[in-house]
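*Asks:* Pulled from Swiss-Prot, these are the listed features:
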- 4-68: domain 'J' (DOMAIN)
- 129-211: zinc finger (ZN_FING)
- 142-149: repeat 'CXXCXGXG motif' (REPEAT)
- C142, C145, C199, C202: Zn(2+) 1 binding site (BINDING)
- 159-166: repeat 'CXXCXGXG motif' (REPEAT)
- 185-192: repeat 'CXXCXGXG motif' (REPEAT)
- 199-206: repeat 'CXXCXGXG motif' (REPEAT)
Amino acid sequence: MARDYYGILGVDRNATDSEIKKAYRKLARKYHPDVNPSEEAAEKFREASVAHEVLTDPDKRRIVDMGGDPMEQGGGAGHPGGFGSGGLGDIFDAFFGGGAGSRGPRSRVQPGSDTLWRTSITLEEAFTGVKKDLTLDTAVLCSKCHGSGSASNAKPKTCGTCHGSGEIQEVQRSFLGNVMTSRPCHTCNGTGEVIPDPCDECAGDGRVRARRDIVADIPAGIQSGMRIRMAGQGEVGAGGGPAGDLYVEVMVRPHAVFTRDGDDLHASIRVPMIDAALGSELEVESLTGEEITVVIPAGTQPNQVITLEGEGMPRLRAEGRGDLMAHVDLFVPTEIDDRTRELLEQIRDYRRDNSSVHREGEEHGGLFDKLKSKFRNR
């Protein structure tokens with residue numbers, strides 16, 4: 001089972017790198033063996049160090065966010081109870097903001113970040129599926145240097161400040177004594193290399209900000225809050241690194257008539273009192289504008305739900321559709337003509353004089369059938 005690295009540090013899943021480092025420093029000061037010699041503290045210190053290592057590594061953090069555990073996939077500490085690769089440096093980073101030992105330069109070419117884009121569609125578009133045009137402000141490959149960062153396509157040279165290590169080492173005094181710490185080189189930004197003739201378009205980064213048009217194919221049956229992954233459509237990485245992914249989050253706007261519940265649709269239908277009593281068939285308009293026949297059973301009650309199977313939303317990437325739930329809104333007229341009033345009064349008198357409408361209707365079929373016929377013909 002994957003460990004809860006966010007819980008170990010006491011941060012939420014949306015925590016920034018600075019928040020993660022701040023939480024780690026707080027725990028490191030509390031549980032460091034030189035401050036707290038207990039075995040329990042040593043275990044908590046080890047857990048915090050591993051969690052910090054994982055969550056400050058973009059690739060490892062992505063594995064965690066997908067439900068995995070990078071420390072169980074050959075990407076973490078190699079020895080039980082150890083601090084993992086770079087763990088000792090993380091300990092000193094908690095106290096002094098730098099590492100105790102050299103970790104080596106980071107690659108100048110970095111993978112790009114994922115991008116989240118939110119868009120809204122109508123319920124009709126969610127029913128049929130739709131292609132949505134998106135315009136993104138994102139990092140794209142520099143068209144002038146094609147990602148190399150160099151104006152003349154020259155190869156990077158070793159940084160003269162850090163001599164290729166990517167780090168600047170310093171000696172700091174602490175309660176532990178003199179400690180050698182290291183920080184990313186400010187000249188090469190920790191890569192150990194510099195571009196001798198930076199591209200004037202991207203300043204040597206290999207990418208620029210630009211607006212880019214993308215078409216998102218939104219499938220039929222999608223629901224609010226769902227995300228569509230478009231691989232390689234995110235931001236291009238530094239140094240012309242591979243682009244991240246684009247996630248399009250869809251919000252389905254409310255509809256004036258239909259309410260959605262999963263793959264089912266709900267709608268109110270107005271049923272005249274006589275049709276509810278005698279039974280009838282009504283034509284209603286579906287979400288797509290087609291006419292649907294709704295059978296109203298005799299004796300239908302107010303707020304009764306009539307299910308129309310297979311008339312709901314399409315199932316996402318599957319066959320079939322949900323159901324349409326028709327909620328009966330019983331309509332009682334506020335104004336009636338004299339003939340209608342006369343017939344209704346006859347029904348009322350008939351019901352008063354007979355204890356059972358069904359039984360007496362059979363015995364006095366002439367009057368009941370006559371009234372029934374007249375109401376059907378109105």
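From the backbone N, Cα and C atoms, a Cβ is placed for every residue, glycine too.
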*Asks:* Cβ within 8 angstroms of the Cβ centroid of C142, C145, C199, C202: which residues besides those meet this for the Zn(2+) 1 site?
*Replies:* S143, K144, H146, G147, S148, G149, S150, A151, P198, D200, E201, A203, G204, D205, G206, R207, V208
*Asks:* Are there residues at least 6 beyond the ends of the repeat 'CXXCXGXG motif' (159-166) whose Cβ is under 8 Å from a Cβ of it, and what are they?
*Replies:* 102-106, 184-188, 190-194
*Asks:* Including all protein chains displayed, how many Cβ atoms other than that of C202 (Zn(2+) 1 binding site) lie within 10 Å of its Cβ?
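*Replies:* Taking every protein chain into account, the count is 24.
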*Asks:* Long-range neighbours only, meaning 6 or more apart in sequence with Cβ under 8 Å: which ones does C199 (Zn(2+) 1 binding site) have?
*Replies:* C142, K144, C145, S148, G149, S150, A151, G206
*Asks:* For the binding-site residues listed here (C142, C145), tell me which residue's CB has the most neighbouring CB atoms inside 10 Å.
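*Replies:* Neighbour-count leader: C145.
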